[in-house]
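Colleague: This structure is in structure tokens; I'll ask about it shortly.
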Amino acid sequence: MNTSPVRMDDLPLNRFHCRIAALTFGAHLTDGYVLGVIGYAIIQLTPAMQLTPFMAGMIGGSALLGLFLGSLVLGWISDHIGRQKIFTFSFLLITLASFLQFFATTPEHLIGLRILIGIGLGGDYSVGHTLLAEFSPRRHRGILLGAFSVVWTVGYVLASIAGHHFISENPEAWRWLLASAALPALLITLLRWGTPESPRWLLRQGRFAEAHAIVHRYFGPHVLLGDEVVTATHKHIKTLFSSRYWRRTAFNSVFFVCLVIPWFVIYTWLPTIAQTIGLEDALTASLMLNALLIVGALLGLVLTHLLAHRKFLLGSFLLLAATLVVMACLPSGSSLTLLLFVLFSTTISAVSNLVGILPAESFPTDIRSLGVGFATAMSRLGAAVSTGLLPWVLAQWGMQVTLLLLATVLLVGFVVTWLWAPETKALPLVAAGNVGGANEHSVSV
């Protein structure tokens with residue numbers, strides 16, 4: 001056995017790393033499932049509860065509102081009280097709220113419960129990515145963090161399968177569909193029990209003995225934590241907008257929003273869009289393109305390993321924008337439309353791996369959860385607003401203008417990435433989060 005001193009950042013991948021990754025991915029599987037099943041449940045909920053279009057939209061978007069709140073609040077709390085407590089609490093909340101959906105009797109009940117589910121998921125996004133980043137070795141950190149997109153997509157596709165199965169002639173099937181999310185959530189809650197605290201966070205709090213005890217227990221007595229600097233001050237959300245960090249905050253928030261808006265808009269309304277752009281069998285196109293999301297996410301893992309993160313993101317923004325512009329210029333039903341939609345689906349799924357990597361690597365330990373939480377919150381706010389506006393935009397201006405607007409959003413993401421994106425690939429976590437270091441690419445404006 002090798003007993004020479006080695007930094008935690010330089011360790012080979014081991015079973016403990018895989019365990020933390022699997023427990024983190026459980027949140028993304030559940031998130032994809034929760035956001036996917038609601039579209040099918042609303043088919044039955046609309047006549048059963050006599051939903052108005054506004055109330056149906058509120059139920060559909062309530063989990064995104066919760067994600068916004070949970071990402072901000074629980075991310076900030078975890079920087080103060082630790083990662084492990086929120087890592088466990090978030091899924092207790094998700095499990096309970098998911099189960100209680102079975103007994104909902106009014107639209108307001110469902111909205112409240114799905115906001116609670118979203119709060120749990122939002123907090124878990126902030127803390128899960130942070131905890132995984134703080135344990136992962138630098139050579140494997142990108143793949144581990146980026147793999148969440150694959151798992152999220154699997155959850156989303158499983159929701160489609162469950163939706164087709166549950167939504168039948170039984171008018172109460174929606175209860176079983178929504179409550180079914182409690183099963184994976186309960187399993188994840190039980191498996192997370194006993195997860196250790198982040199030693200990097202403990203070291204930042206001056207709790208040296210606890211930090212080194214965790215490192216020695218899970219990695220060995222020869223493993224060193226690295227170059228974390230102890231800080232006595234507590235950080236607040238205004239720290240993200242200080243002269244030191246505002247570019248990192250702006251980049252991570254804007255690039256996340258600019259990827260999520262076209263993703264959620266197109267895939268929330270995929271059957272409608274498929275018909276509008278002239279795809280003959282909307283259901284077949286929807287199922288095929290959902291399957292392509294998994295292919296794209298797997299391709300993204302390979303590209304994340306091969307390419308610099310910054311170049312991968314810049315190239316993807318340009319390709320996605322160009323694809324939508326060409327689609328907007330084609331006549332409805334053009335033979336090229338499906339091919340371009342396949343290219344768009346694969347590319348956006350592939351590059352979405354970076355939303356799990358870049359925010360977690362862009363901030364130092366004492367504000368990492370806060371930074372990840374803020375970027376996630378902004379992405380969910382953008383998704384909720386844009387998804388809600390899509391029917392109105394389609395009715396007012398049509399599909400051509402809608403696609404051009406989405407292309408504009410992607411070009412904004414390109415510009416912000418070019419101006420402020422750091423290159424964090426394969427760096428020690430301390431160096432990746434070091435503003436002003438050799439990895440900086442900020443352009444003064």
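Cβ atoms here come from the backbone N, Cα and C positions, even for glycine.
Pulled these from Swiss-Prot:
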- 1-22: topological domain 'Cytoplasmic' (TOPO_DOM)
- 23-43: transmembrane segment (TRANSMEM)
- 44-56: topological domain 'Periplasmic' (TOPO_DOM)
- 57-77: transmembrane segment (TRANSMEM)
- 78-85: topological domain 'Cytoplasmic' (TOPO_DOM)
- 86-106: transmembrane segment (TRANSMEM)
- 107-114: topological domain 'Periplasmic' (TOPO_DOM)
- 115-135: transmembrane segment (TRANSMEM)
- 136-142: topological domain 'Cytoplasmic' (TOPO_DOM)
- 143-163: transmembrane segment (TRANSMEM)
- 164-175: topological domain 'Periplasmic' (TOPO_DOM)
- 176-196: transmembrane segment (TRANSMEM)
- 197-253: topological domain 'Cytoplasmic' (TOPO_DOM)
- 254-274: transmembrane segment (TRANSMEM)
- 275-286: topological domain 'Periplasmic' (TOPO_DOM)
- 287-307: transmembrane segment (TRANSMEM)
- 308-311: topological domain 'Cytoplasmic' (TOPO_DOM)
- 312-332: transmembrane segment (TRANSMEM)
- 333-337: topological domain 'Periplasmic' (TOPO_DOM)
- 338-358: transmembrane segment (TRANSMEM)
- 359-369: topological domain 'Cytoplasmic' (TOPO_DOM)
- 370-390: transmembrane segment (TRANSMEM)
- 391-400: topological domain 'Periplasmic' (TOPO_DOM)
- 401-421: transmembrane segment (TRANSMEM)
- 422-445: topological domain 'Cytoplasmic' (TOPO_DOM)
Colleague: Between the transmembrane segment (370-390) and the transmembrane segment (23-43), do 3 or more CB pairs sit under 8 angstroms, pairs being 6 or more residues apart?
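Modeller: Taking Cβ pairs at least 6 residues apart, the transmembrane segment (370-390) and the transmembrane segment (23-43) are not in contact, as fewer than 3 fall under 8 Å.
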Colleague: With pairs 6 or more apart in sequence, are the transmembrane segment (115-135) and the transmembrane segment (57-77) linked by at least 3 Cβ pairs under 8 Å?
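Modeller: Contact criterion met.
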Colleague: For the topological domain 'Periplasmic' (44-56), jot down how many residues DSSP puts in helix, in strand and in coil.
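Modeller: The topological domain 'Periplasmic' (44-56) comes out at 9 helix, 0 strand, 4 coil.
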Colleague: Report the listed stretch (57-77, 312-332, 338-358, 370-390) having the maximum count of Cβ pairs within less than 8 Å of the transmembrane segment (401-421).
Modeller: 312-332
